[in-house]
Amino acid sequence: MNLNWLIVLPVVSALAILPFSQLKQVRSIAAIGATLQLLLSCVLLYVFMQDPASGMSGSLAFESSYAWYKPLHIYHSVGVDGISIAMIMLTAIVVLAGVLISWNMEKMSREFFFLLMLLSAGAYGYFISTDVFTMFFFLELAVVPKFLLIGIWGSGKKEYSATKLVLMLMGASALVFIGLSGLYFNNASGNLSFNMSELAANPLSVEQQKFFFPFAFIGFGVFTALFPFHTWVPDGHSSAPTAASMFLAGISMKLGGYGILRVATTIMPEAAHYYSPYIIVLSAIAILYGSFATMMQTDLKYINAYSSVSHTGFVLFGIGMLTKTAIAGAVIQMVSHGLMTALFFAVIGMVYERTHTRMVDKMGGLLKSIPFISTVFMIAGLTSLGLPGFSGFVAEMMVFIGSWENGGTLHRVATIAATASIVVTAVYILRAIGKVIMGPVEHEAYFEFKDARWNEKSAAIILVAAILVIGITPFLINHLITPGTEAIMNKLVANP
Amino acid sequence: MVQDFFLLMRSELMLILIIFGLLFLKLGNARLKNETVMNMVNAVLIATLAMGFLVKDTGMIFGNMFHTTDLIRLEKNILTLGTLIISLQSYQWLKAHKHAMEFYLLLISTLLGMFFMLSSANLLMFYLGLELSTIPLAAMVNFDLHKKQSSEAAFKMIVSSAFSSALLLFGISWMYGIVGSVSYSAIAAAVTGSPLEIFAFVMILAGFGFKISAVPFHLWTADVYEGAPIPVTSYLSVISKGAILFVFITVLYSVFRSMGDTWYYMLYILSVATMLIGNLFAMRQQNMKRFLAFSSIAQVGFILLGISGQSVASSTSLIFFVLIYIFSNLAAFGVVSLVSSAYDKEKVDDYKGFYQTNPLLAWTLAIALFSLAGIPPTAGFFGKFFLILAGAAKGNWLLITIAALNMIISLYYYQRVVKAMFMDHNAAPLEKINTPLSPKIALIICIAGILITGLYSGAYEYIYQLVS
Amino acid sequence: MVPVSHILLLSTALFFIGMYGLFTRRNMIALLMSIELMLNSININFVAFNKYLWPGQLDGIFFTIFIITIAAAEAAIAIAIVINLYRSHLSIDVNDAAELKH
Amino acid sequence: MGAGSLIALAIAAVAFSSIALLVAKLVTKATKNKQKGEAYECGVPSKGPNWIQFNVGYYLFALVFLIFDVELVFLFPWAVVVKSVGWIALVEIVVFFFILFLGLLYAHKKGALKWK
Amino acid sequence: MFSLEDITQSVHNWLYETMNPTLALMVEFAIIGVLVIALFAFLGLVLVMMERKVSSWMQLRLGPNRIGPWGWFQTVADTLKLIVKEGMTPNNVDRLLFNLAPILVIIVSMVIMAPLMFAKGFQIWDINIGVLFVSAVSSLSVIGILMAGWASNNKYSLLGAMRSGAQIVSYELSAGLSMLTIVVLTGSLKVSDIIQAQETGWWLFKGHIPAIIAFVIFIIAATAETNRAPFDMAEAESELTAGFHTEYSGMKFALFFLAEYVNIFVVCAIGATLFLGGWMPFHVGNWEQFNHIMDYIPTPIWFFGKTFFLIFVIMWFRWTFPRLRIDQLLNLEWKYLLPISIVNILLVTVIALAGWHF
């Protein structure tokens, strides 16, 4: 199977949107495109699982390579392993849900869906790249659509948020770029190369790793809301339109974690060991800070945004622990958080559309007027809280177990501190659910509300289904990602 | 010999043909419409461009003063293409201008000067080409005769260009004293890096610094760019700068190759200063032309960084970047020019809500700005990435970090314009602008260039193959 | 015969006097004259080098002739611009030409 | 005699004129008069600034002259060697003059050579 | 054949034998200075007198006739008068420039003497770019004139100076081009070479039509360059009082006056050198006897004779042609003389290359 279809499909659907200007035409094209993407991802998953030779052996599958900038040794090479496929599935699901949620986007609909498709192209391209240059290309490709999506369709202080987001993310890519060029020039083979497997086979000297690892790590880390650089997350998420929030929190934040796994830890394993304590400390701070900050919030979007900081903290936390279970947990947390937060933002969007407010204090008793939406809201909240049966539980559990495997004192202390955040999470989630869903109905007008339309329902159902699949049958996803994580672990173990 | 002459100098001869044709038309009392003149010139420019690609040949004529290689031919073609785009874009402005023919006379003369400059194998030839390309430019800057600003800019332009020529010549004269020849090959063979040679080189470098407006030699740039008519501004910022850069790289790489270590540090300092100052000043500009002027200064900083790499990849990236820069900057200037000629508005604030009324132009400008900022999938990303990569080959990571941070600063001010167009509210945005055919074609070429040049690597590989 | 170093001293002094004039004078014509001074010092350089050090080739003399010509062309354009400027500003003082300031 | 003679001549000129001026100064008697220092305009009192703005035509001629005078710079070396170089020198100078001539025609056409 | 060469050579040798080289050089310079100053004085007296006499003859009157025989000492008396007149400086002038201008003009006209060959072997400096030197230095005089006009702070002066500047620079072009025709024919810029090349005949006769055209143009341009009538726009006394030297009086005025006459002499000397063979005697083909007789006439007499003939021609013009208006004057140069000169120089190149001259 040619992986490039994953890039071609969204690009084609984006271009197909351009000639039309009516919302009806545009959204159906987008929906068809997103559905095809999901189907293609499913096919990919199926083929991958079925192919015993390449599929589950830990090496990359469906590899192909085209010379792009030959004099500079830049190739457009693609390949996937389990981790990538999980990310691709996540992207496909969130994109489809996002398109469905934005079904009634009246304002500049053509541009909106065009950018959405472009964004997904960037994400797919990023996840399938095995050449760090193309990876970087797609990483940056995904930034500008975000800027425009937030700046044009957003709400609140959207210009400020958009500017902040684009500057921080581009700054992050600049750091990534330095790390990448360090790899390009200094790898042990002596050839200039951007190819991941070549780079992994010819690692840098330890000194150079120590120099370049922070660039790559911090660069990717900013995408995943690494502690001092997380400030774009709350502003960006809360100002963005619903679909863009879903995308930002659901996919975009995963780009960083994925990049750290692929580039920082796999190619520079010694440095990963060396910097592990710093990563742990920073991510533990992010987890705690995120959850405490969430408690202060009364705006639903801010609640979800800050909780995202906390949740993605687990991703970095798991990676920083450098144990197999923790890394697997981090991957599952990426998927789980992607789905959960997308669902949460979707449902916040639905609520807002009806109540015209996002303030927790000003709502109440929604369950009585819009039961479907309220139920979904509750599911999202409980996933976020980490209730068994939902995906959040699996992910966090694995991260904690994996963390405990790492016997360092600092690691233990950090693990305990991070675990404590669950309690805080429970507090703010339950409070929000209690105030918004339960309790007395705030306004008479609430009874006028119509429950979710078909598009909202289907978006929610897709996401909830995915959450449940992971939550109830975690071994499936574990099975999918194990070869990938093992490959990373082998690297880490071989180069202490 | 004669055959050589016609073959090697065919681009130059075409331009001379245009110049004389226009002169004769002017002298012969021809009452042509400006549009006719423009179409004629454009047609000949296209022919020149086509001819440039036709036959491959290299050689030297005029007692080894004029040489042509495929690379030089390509550089000339790049400049011709840029000039063609500018010529198409100036339609709006020239359509009713009294002196359209003279404008083309001067324009083509400067282009001819650049061609000679590129083909020079001798500092004398280089100097002649340089002056042929700058002196008419000063007159072009003053082309809006009734505007005070225009004259002021022209005066600044001519004084600073004369001063920089003087610096350059002073260096050349010392070089001549040391080496005894002004031909590139003789100098390259004789230069060893003695203190006196370094003194001469610094003077030459300062001269070049003025021409490419590197900080601290940039003071004239913004004023001149603002005062000049927009087509001239775009010509100044793209074509003339590009030509000088092409020569600069030849001079550095083939004439002063043996002093590479010395000038690496000079370029390092120049590059950092240029990027920083250009960016910091660009941030606070309200006028689009000044803004683009300072941004072009910052771009030069990146270019210097790329040049400091001293490798085949450096030259390739430079030429590649200039090609892309032509597309990007001309697209931006094209839109600014349309707006300016329609409403005489040049402030960034005037662009608020521009998207609501002129979506296509807004997108064009946005893509151009993103390309200038170096954001994928535009070609600017590739251009900038390769330049920095070329510079990074030297392993000076501090420099690379500064460059990377500067990219962020530059992104800040580029997105400011995009923000104004797409996001800011404006009760009375600029009305819909009617875009005539030729600017439209120019913009389409630019946008196509921006989108294709980067994603399709053919151009880069072609240049690389010619350079190495 | 005058030693070459004297001539070079003269030309270098002229060059920097010209540069000083360029940076300190405020009259546009004075600026142009300063530039001419610089260019002439370069001419002296070229001729001196040609005569004393490299009498074999004529490169220096050629260069001088071309510099003279081009300097004249430059001056012609510059003066034309100054006249145009004078018509609008009624002054040829650099300080009065301050439309373009940020 | 060499270049020194030029200096000798210049010194002689300065000496001659200054001696003449000095002698004149010594033998004349200066008288004071209020009207004497005024500018001479045929007895009519001078009005307005005397450094007047003169016809722009002078500038135009100066500019055209500048270009044509510089052409002479090239012609002198050319004239010396034309016989030894041969016919190609004629061809080259014809091209040179052709361009100059076009310039002159252009100036004429633009009315730069018309006294206004 | 009588020659001054022997005299100069023996003086030179004697000087170098009796004293050290530096001193000898100094003494030589002093001699040159004295000689040139003497020439100046002589020219001043003679030319002014000549002008007046020629004018009067042309107008059928006597001219100066009271002082000395036929009034010959009139100019001496005039000079004395100028010396005792007060050389005043008006109040509102730029003092430095005002006083510098006459000196500058004198310097120019004196320095320009250097390459002139007054007789066989009698020349101050046989500079190898003689013709270029003459045309370069002569254009400096316009600076003195502009200086005087500007410094005077007088409307008439300024106008006169501007007119004179425009006129001089314009006509310099065709003067230079016509000089070049001879350079093309000779292949040298050296005055002695040019004269030597005319041993077999003067260029005016040898050079066919182009030389004649060039000669005519040269004479016209020379008249204009020296601000002589009919090109005396600059000091058109009926409209501008006295042009650029309106404010000058006494000795300063005298210096201008002197320089003007010396300039007439210089341009005529150049004309004589280039077209009429300088000190070369008049030879006709192979009339050996005639040529021999001509050779007996001393070379300075040939030179001064030719020069004064040209001066006479220029003075003749004054009373023959009416004064031109400034537009006519510039038209004549830019629309007629310059194109003709350009065509002429091409023509002479063809002749020189084809060897059609004698």
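Including glycine, each Cβ sits where the backbone N, Cα and C put it.
According to TrEMBL, the domain 'NADH:quinone oxidoreductase/Mrp antiporter transmembrane' annotation covers A:129-414. For A:6-23, A:30-49, A:74-100, A:112-129, A:165-185, A:211-229, A:241-260, A:272-290, A:327-352, A:372-390, A:410-430, A:459-481, the entry in TrEMBL reads transmembrane segment.
Residues 132-133, 136, 139-140, 143-144, 146-147, 150, 192-194, 199, 204, 208, 211-213, 215-223, 229, 231-232, 235-236, 256, 259, 263-264, 267 of the same chain, all 6+ positions outside the transmembrane segment (A:165-185), place their C-beta atoms under 8 angstroms from a C-beta of that stretch. Highlighted: of the candidate stretches A:74-100, A:112-129, A:241-260, A:372-390, A:241-260 has the greatest count of Cβ pairs under 8 Å to the transmembrane segment (A:327-352).
Outside the transmembrane segment (A:112-129) by six or more residues, the chain places 3, 6-7, 10-11, 13-14, 17-18, 26-27, 29-30, 33-34, 37, 76-80, 84, 87-88, 91, 95, 98-99, 102, 105, 135, 137-139, 141-142, 145-146, 148-149, 152-153, 241, 243-244, 247, 251-252, 255, 258-259 with a CB less than 8 A from a CB of the stretch. By number of Cβ pairs under 8 Å, the transmembrane segment (A:6-23) is matched best by A:30-49 from the list A:30-49, A:241-260, A:372-390, A:410-430. Under 8 Å from some Cβ of the transmembrane segment (A:74-100) lie the Cβ atoms of residues 3-4, 6, 10, 27, 30-31, 33-35, 37-38, 40-42, 44-45, 48, 56, 58-68, 113, 116, 120, 123-124, 127-131, 133-134, 194-195, 242-244, 246-247, 250-251, 254, 258, 261, 331, 334-335, 338-339, 342-343, 346, 455-456, 458-460, 462-463, 466, 477, 480-485, 487, all in the same chain and six or more residues away from its ends. If you count C-beta pairs under 8 angstroms between the transmembrane segment (A:459-481) and each of A:30-49, A:372-390, A:410-430, the highest count goes to A:372-390. Same-chain residues lying 6+ beyond the ends of the transmembrane segment (A:30-49) with a Cβ under 8 Å from its Cβ atoms: 1, 3, 5-6, 9-10, 12-14, 16-17, 55-56, 61-62, 80, 82, 85, 88-89, 91-93, 95-96, 98-100, 113, 116-117, 120, 124, 480. With a cut-off of 8 Å between Cβ atoms, the residues of this chain six or more beyond the transmembrane segment (A:410-430) that come close are 277, 280-281, 283-284, 287-288, 290-292, 294-295, 297, 303, 307, 310, 313-314, 317, 321, 381-382, 384-386, 396, 400, 403-404.
Sequence-distant contacts of the transmembrane segment (A:372-390) (same chain, at least 6 residues past either end, Cβ-Cβ under 8 Å): 304, 307, 311, 336, 339-341, 343-344, 346-347, 350-351, 354, 366, 396-397, 422, 425-426, 429-430, 432-433, 436-437, 451-452, 456-457, 460, 464, 467-468, 471-472.
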